[in-house]
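These come from TrEMBL:
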type	residues	note
COMPBIAS	57-75	compositional bias 'Basic and acidic residues'
COMPBIAS	95-110	compositional bias 'Basic and acidic residues'
COMPBIAS	360-382	compositional bias 'Basic and acidic residues'
DOMAIN	4-26	domain 'C2H2-type'
REGION	46-75	region 'Disordered'
REGION	91-147	region 'Disordered'
REGION	272-295	region 'Disordered'
REGION	360-384	region 'Disordered'
Amino acid sequence: MFTCNTCNLQFPESNDQRIHMKSDWHRYNLKRKVAQLPPITEELFNSKVASMQPQTETKEKTSTKKEQRRKEKEALMQQKRIILEQARKAMLAEQEAKGEAEGKDQRGELDSSSTGPAVPEQFEQNGSNDEPELTPEQAEEKEFQKKLSNKVEIPPTTCLFCHPKLKQNFPTIEENTEHMFRQHGLYIPETQYLVDKKGLIEYLAEKIGFGFCIACNYQGRNTEAAREHMQTKRHMRIPYETEDEKLEISNFYDFSSTYDDDEVDVVVEDGEGEDGDWEDVNGGEGGDADSDEELQPSDRDAIYQDGNELILPSGAVVGHRSNARYYRQNLAPERILSEGQGTVIAAETRHMLTLQDRKELASKKRTWRNEKKREDVNDRRAAKFINNQPHYRDQLLQ
């Protein structure tokens, strides 16, 4: 006897059992067994299948209706595309017809003009060259006059960067510069030596009025283009880094207070001229000899120049401004070692290795590296067989 434990059936032959195992009823009972449910009879299974068939038919009908609506929609879209394509072709044909008609009219005008009286070549050349050829100086002057006509006047009490619609006008120049500093970041360098603030602001306003950027000299089409460029590039600043940039606005500054105006004192060894006054030599005995002699300044007035440094008589060293960033460095003072630290450093012998010692140390390092590499290879080889061990298996559980 052959049995099916899932459906609780018995079969006299194995062929019947195989056919039953392939049936939908057996598969359904297998699923119920997995869900820990009891099996059902074949009659109950057939009734469930019969109750499910009308639902599948309705689904097929609904899917068919959806498919029909989709096809109808596609047909409608295809019809619209055909209509649009026909309209486009008709419009192109109409444009081509208009172009041909205009071309015929132009050719007719050219034919009528060619049949008119001929103009001598000399008069044609004279007519084409009515304006005299300008020299480079005249062309430059003409361009300058054109720029002057397009110049925008900006008062010194008006913000240089704000749009005119904002009407940023101030009663004084100081308030205007304070506004530009706070709102736009315009910093005026060396304010303690600035003697003509109004002239500086007028100069910057003139550059912007001509359409130039005050930082990079970019030339825009007009004043508003220059302002937009400066606001976008953050060029609302006065360049004051290179020598040319400093010379550009040097007329508005006065650095005379930083100059050393002390005159060189003259010392006469024989005691004459102790009052420090100059004496005019108009002639006389020994006049020629005195004129040939040069009065040497004293040692305390000597100035020595060494490259970018000036050594003053007092011993002070004056450096060039190009090396200012090096002079501003605050280097740490030299470390003073105690007696014990000095002994430790003196006893340190690693920095006293000879060439022979270094070669020996390098060979030892290579030996250690090779040994470590061999150990790694052995570990990787052993890892492949680490699970190949005999295990106890209980024969009753097989």
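Even glycines carry a Cβ here, placed using N, Cα and C.
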Tertiary contacts of the domain 'C2H2-type' (4-26), defined by C-beta under 8 angstroms and 6+ residue spacing from its ends, are 33, 39, 42, 45, 49
Across the domain 'C2H2-type' (4-26), DSSP labelling yields 11 helix, 4 strand, 8 coil
Taking DSSP H, G, I as helix and E, B as strand, the region 'Disordered' (360-384) contains 24 helix, 0 strand, 1 coil
Taking every residue in the domain 'C2H2-type' (4-26), the average pLDDT works out to 88
